[in-house]
Amino acid sequence: MDKNKNISMAVIKRLPKYHRYLNELMKNDVDRISSKELGEKIGFTASQIRQDLNCFGDFGQQGYGYNVKELYTQINSILGLDKEYNAVLIGAGNIGQAIANYTRFDKLGIMITAIFDANPKLIGIKIRDIEIRDIDELGSFLKSDSVDIGVICVPKKSAQRVSDELINGGIRGIWNFAPIDLAVPKDVKVENVHLSESVSTLIYQLHQQR
C-alpha cells in the first residue's frame, strides 16, 4: 500500500468490519465470496465494497469474487495487524479493567505491557498477570520501554495531563476513553471512544420511533 495515497477515513473505518466478517467466513470454511454476498452480510452495497477495496489494489476477479483467505490477509496487512504493538493502559477502573481483560487484543497484535493508576488501593493488583503500577512511574517506564499506544481510561479532569505525559514519552497513538477531546500535536493520532455520544445516538433512533 502506498502510504502517501489519500484514502478517506470513512474507507479506513470500514476495513475492520470487512476484516471481522472475513475471519468468520474462514472459520466456517468459506473459500470465496462475491461483493454482493459480502455486502448482504455486513449491510454495505456491492458497489461500496468494490470501491473501498479498489483503493488498495485489485483483489477480486469478475465471475469469481474474492478469495476469502487472500482478502483477509491483504486487509490484515493494510490495517497493520500483521505487526505487534506495545500498549500501556492508564486508569484501572471499570473501563480500564474491562479493556485489560479483553483477550481479543492479543490476536490483533496489541500487547498491553503495563497498567497504571493513581488509586493506592489498586496498585499491586494483577490483571492477567500484569501488576498495576503507580501513575508516578509512567514517565520512567516510557523512557525505558518501547511503547506504541497509550490507552486513556482516566476521569476527564486527568485525561489531558496523562495525554501530555504519554506524548512527552514518545507515544504517537492514543486510544482515548475519557469524555474529552484531547489537544495533541498533528503527528499524534487519537481515536476517541466517547460512550455517552454512542448511546445518545441510539437513544435518538429509539426516540424517532415513538
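The backbone N, Cα and C atoms fix where each Cβ goes, glycine too.
Sequence annotations record features per position, and here Swiss-Prot assigns DNA-binding region to 17-56. Summarised by DSSP class, the composition of the DNA-binding region (17-56) is 28 helix, 2 strand, 10 coil.
Summarising the annotation, Swiss-Prot assigns NAD(+) binding site to Gly91, Ala92, Gly93, Asn94, Ile95, Gly96 and lists sequence analysis as the type of evidence. For Ala92 (NAD(+) binding site), the same-chain residues lying six or more positions away in sequence with a CB closer than 8 A to its CB are Ala100, Ile115, Phe116, Asp117, Asn119, Leu122, Ile125, Ile127, Ile132, Cys153.
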- Within 10 Å of the Cβ of Ile95 (NAD(+) binding site), how many other Cβ atoms can be counted across all chains shown? 18
- Item | Which same-chain residues, if any, lie at least 6 apart from Asn94 (NAD(+) binding site) yet have Cβ under 8 Å of it | none
- Query: If you skip the near sequence neighbours and keep only those at least six away, which residues in the chain come within under 8 angstroms of Gly93 (NAD(+) binding site), Cβ to Cβ?
  - Reply: Asp117, Cys153
